[in-house]
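Take a look at the structure below.
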């Protein structure tokens, strides 16, 4: 048996996603966001997180899902990858689970409209829950953004 | 005893000593006769040795020990500094530096220094294994001719023998050059002599002779009852002996030889210099420099120790961050106090404002570091570089005491190294070209730092060939940076600035010093990222000047806060000329561009709300518009805003690594209410 990892579970729409807990710094409630002009539409702006200015991106927008109104459940997950600190706006984040690495399968080509390259794999938990593990470096890859924009544009 | 707690202190001090060693060596090279510099070097080396030994870094200690031996001879006038010794000592310093670096990185500080140690030992023995073989022979010959010098003990033994009626002989033996086993022949000579007397001192030493470390000849002091001629004949009887001279010494000549010995050894290396003119370029150029500038190299004597303490840089950063937080709270307090309208509160807040202003000055000063901390490694670098390129170059550093924020200092090193390498490699011509152009063979590179307004300028100026603008343009066209038509519109000055265009390198021959194509554009982007600027001036035939402009500090600036709808922006006060209000009717449209009249001329009016697509404000719906006139150089632009909020000290934060560079935004700051406001980069609006 491979090792267990701890995973933060969050929701975008009906899908459940997971990020390894080591990569998550904190989870914050919504707070005032200062808009940054002339940048990608999914970059919502910057926040002041205890004296540090951190850019925030809407994960729905990043994956090309229709953006939703923010609710009481909306959270900002602050992750740190490759010395970058970024906040993800997600619909809700309320679970931490232990996941055995053996339970993670390689992802099919497209899951919930998200390209496979953004995913590390898909894990089955329990009988009917599917957890999509995110590949954060790819999600934050800027070269990818340029292509994405040109496709959209 | 646990040494770890002393390790960082050891590393700091070692670096200090290495730096001072480097500087003093450079000083000595320019001024080889100045023994006071040797004293300084000796003391530094000695301290370093002591520290290294205490900390258990044996290799470090043993290498410094060998250096000390050489320096000891020099300071006692027993050895004269020359090229080979300088090179070896510089090599030793490099080895020491890499060892200390290894220790800094958590290593053991071990390194194979046997080659350097061997050459240092050779120097101590008086052998100068110069690169040129001929030089070595001359040196050996000179050493052989000079009487072997005696220490006090040997001198008194000889003197006593004379008094007791023995004969003291000075014997020079030369073995035939075709001799296969010279050590054996030498042994036979010694064996023969020992049978009828005593050898007091030989040169080279007996051990060296046994190991064949001598050059077909040796000399010795010998006590015997026999006559000199007798001894001479005895030795000549041995086979393969070329020449023997035995001179009987009386007390008078013995004393003379003892005194002359010192002087003679000092003179001995002199022929080497003549024999190897190629390798002694640097003392010559140093001497030349002295003639030209008429100013001796600065000698750093250990003046009164300044009362300082070392503080971990991280602690200063923490202090700075805490202070920034305080500043944000202060701004917040000022806001609250103005709302509450309580006199006592307002007074207290005002007082706190003054105190924190003073505090800010002190914290900022703490972070100021003299540029010398970057400059100090350059003289050595330029020296090495010039040598490797066979050029003669003087680096003249001025304004090294100019202070800059530590963050700037940390980042500016690499770009400056690049510019200096450029100046040495491409700027200053080779000796032949210089002479052909009627210049002195020694090129000068000026490295200047000075304050001007809110900026510090660092200039790197060479007196080389200068830049040919036409060549730049052609090269730019060839590389596809420009089209032929575009090039035609470029003035000479604009053409030269193309050097900073990405993917540009003018070097026709790519050397390993500079000119790999990734060059000045990287320098430029680094300097711009520091909030600075770099421009180049050049006069063909006269030289080139790279002028780097840097902001005094990066972290706290005075700014004007403005409102655009629900959004707040900060504009750096340093670029604001004036604020004002213009009526809608005063805005003219010229070629579709909006202009306003300002001080009898028309300047463009830029709509920030349009550029930033502000959702809830548009100045064109208003009767009157507030404007902020900003400046970049001579050019002015008016920015239209909704309201002025006021002037504030703001702490600059960057937008984080993830955000791509946003045009017109240079960073962000946190306001008193905890919200983030973006800082406008006015330069972006002025083309």
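Each residue, glycine too, has its Cβ placed from N, Cα and C.
Taken from TrEMBL, the feature domain 'HPt' covers B:1-103. Mean pLDDT for the domain 'HPt' (B:1-103) in the predicted structure: 80.
The feature phosphohistidine is assigned by TrEMBL to B:46. Take the CB of residue B:46 (phosphohistidine) and look out to 10 A: across all protein chains shown you find 17 other CB atoms.
What TrEMBL records for B:260-287 is compositional bias 'Low complexity'.
The annotation region 'Disordered' is assigned in TrEMBL to B:260-305.
The domain 'Histidine kinase' feature in TrEMBL is assigned to B:304-554.
Per DSSP, the domain 'CheW-like' (B:556-687) is made up of 17 helix, 76 strand, 39 coil. What TrEMBL records for B:556-687 is domain 'CheW-like'.
For the domain 'HPt' (B:1-103), residue counts in helix, strand and coil come to 87 helix, 0 strand, 16 coil, using DSSP.
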